[in-house]
Amino acid sequence: MTDTTVSTPVTATGLEPALEPASSSRAQKRKARKKAAKDPKRKITWDRVWAQRALLAMSVPLLMYQILFKYVPVYGWAIAFQRYKPGRGSIWNQQWVGLQNFHNLFTGVNGERFRQVVVNTMGQSVLTLIVGTFGAIVLALLLNEVKNLPFKRILQNITYMPHFLSWVIVASLASVALSLPSSGGFINQGLMSLHLVDHPVLFLTQPNYFWEIVAGTNLWKELGWNTILYLAAITAIDPGLYEAAEVDGAGRYRKMFSITLPSIKPTIVVLLIINSGWILSTNFELPYFLGNGLVSEKSETIDVFVLRYGYQLGNYSLAVVAGIFKTIVAVILVGSANLAAKRLNQETLV
Amino acid sequence: MSLTTVAKPLARRASRGGSRRRKRTVEQIIFTTLNTTFLLALAALMIYPLLNTLAISLNDGNDAVRGGIGIWPRVFSLQNYNVVFNMTTIYQAFFMSVLKTVVVVATNLFFTSMLAYVLSRNEFIFRRSITLIFVLTLYFDAGLIPNYLLIRDLGMLNSFQAYWVPTIISAFNLIVLRTYMKSIPDEIIESARTDGAGDFRMWWQIVMPLCKPALAVVGLFVAVGSWNSWLDTLLYNSGDQALSTLQYELQKLLASSMNAGMNSVAATGNAQSGGQVTTPIALRSTITMVAAVPILFVYPFLQKHFVSGLVIGSVKG
């Protein structure tokens, strides 16, 4: 659960396919792989296994470990088909109820609530993704125009920093920033001194602001970090293009919109596609920390639902059904997003 | 005659070029000014919440309730830190967080790099299938409750093992390290092999020292992830106060202030410890700083490496 991949951004996970070698080398690789499969030297024989016993000893226990901790827990899915009572002990000692929990969650008594939960998850994710992508592109373009390198580096260091703070800290900072001026809510202070509002707004009690708060807080935390890939793409642009444009009399804006932006378009598209695969998997911490009884209709996401219903209220069966739904949809979405990105990659990132 | 016809357009072009250049300089100055202003404002927005929290934590607790503290404490006092470090729960949680981070980093680096070495060996027969089994876990997760049930059935609830045993391998870092190891020239490996080094020694004595930069990056990321995590404490170890971590304590505090905030304008009541008193807002700010400071402290080391770390990760072999 000390999930290190959670702290690295989704973009980092999706990074591998994005910057993979070009299509031609991939085709060659595939051919080489096919050849290798037929190669008698690569056949698995007892001699080879014995010769590699050291490598096997170093890897097989860890493989067992990984299977135990990542794949074996699937046995817990069984309780989706049971009326699970923790008091009855092991999961083999429970009453089986078939698909009743699935009916409950999707169409029955919890149907309406769960639909809202799915809508919330997707709404928060999509808004976060759009705002985050747009913000990161703008910031990358503007940072690229800073010619004073030490100043640029300082700006980068400051904007990357929030990425490393924990969600607990970020949520804590956000709840203070959004509170009343008397509790340190500087957003209200700012709005009031600009005369945009007459009375302080209790942001965290208004359901209609919740998605925007999630997207805004995400933006604050990940904005700088998300520029890294775009800045890397910008540095890969051939400087000759800019020189040619200058000779033709192009100004800064012209160069930005006619060279920089089109050049990083493939990166933008690939990252958007890959990140959209995680649409049901992001946004757990913020809705959990900042959500409360007054805004739950807009704040509750699938993960929060699972934690509340399953872990805290003890309705394990219903929570596991929701979890299975999320996992299956996520695997399909992430898988197809990666496939799409790879296919696109071949055509556009050559 | 012919001279003037040639000279005229030239002169015109020159003057036009000059004015355009001047125009562009003006345009450039305006753009640079606007851009710099905007970026400075953005940087201020990024850093203000932290400075504000720092100021509140260094301010007298009762005075802080009045609000209006900017980035400088109004009534300077170290009382809050005194209170926080005299609270046994926070004090214990701080050391538990440190211990957990150290153990997680050590075990994770050891096992992940060992497996990365194996998977970086081209001759290894199960290289492809084992890599696939690990990479798939980047996308597949059985879910929160099933993971909880596994830990429960293994008898690891409310034990220190629940912190580090499930995390000894991280698939993403495995790929990062494997890719880095692949870049080590084959000559080095081959010459060590002819000197009679077995695979375990090869990994530990030849490959590991060559991987120091990559190990530093991965280690820092694992450390940050472990320090920042709170869900493992909530799910597995919330039954034992001695196993609580700083992030989890802060989360509990945040939750109670969220609930309090819904009922009254500001959380009232005092936090007490050993006769010393402070207010909830000051307490929360102080614990936030205590939880954030280690991150801010390693940040200079991190930022020196993280871009290269990302690049390593992206160049997938």
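Backbone N, Cα and C atoms are what each Cβ position is placed from, and that goes for glycine too.
The compositional bias 'Low complexity' feature in TrEMBL is assigned to A:1-13.
The compositional bias 'Basic residues' annotation in TrEMBL covers A:27-36.
The domain 'ABC transmembrane type-1' annotation in TrEMBL covers A:118-337.
Look at TrEMBL and you will find A:1-39 tagged as region 'Disordered'.
The feature transmembrane segment is assigned by TrEMBL to A:50-68 (among others).
Residues of the same chain lying 6 or more positions beyond the ends of the transmembrane segment (A:122-143) and with a Cβ under 8 Å from any Cβ of it are 152, 155-156, 159, 211-212, 214-216, 218-219, 222-224, 226-227, 230-231, 234, 256, 260-261, 264, 268, 271-272, 275-276, 278-280, 282-283, 287, 301. As annotated by TrEMBL, transmembrane segment applies to A:122-143 (among others).
Annotated transmembrane segment per TrEMBL: A:164-187 (among others), in sequence order.
The feature transmembrane segment is assigned by TrEMBL to A:227-245 (among others).
Counting residues 6+ beyond its ends, the transmembrane segment (A:257-280) has Cβ neighbours under 8 Å at 10-11, 14, 17-18, 118, 121-122, 125-126, 129, 133, 137, 140-141, 144, 229-230, 233-234, 237, 241-242, 245, 250, 302, 326, 329-330, 333-338, 340-341, 344-345, 348-349 in the same chain. Among the features that TrEMBL reports, transmembrane segment is placed at A:257-280 (among others).
Taken from TrEMBL, the feature transmembrane segment covers A:316-341 (among others). Same-chain residues lying 6+ beyond the ends of the transmembrane segment (A:316-341) with a Cβ under 8 Å from its Cβ atoms: 14, 17-18, 76-77, 79-80, 82-84, 86, 101-102, 104-105, 110, 114, 117, 270, 273-281, 302-303, 305-307, 309-310.
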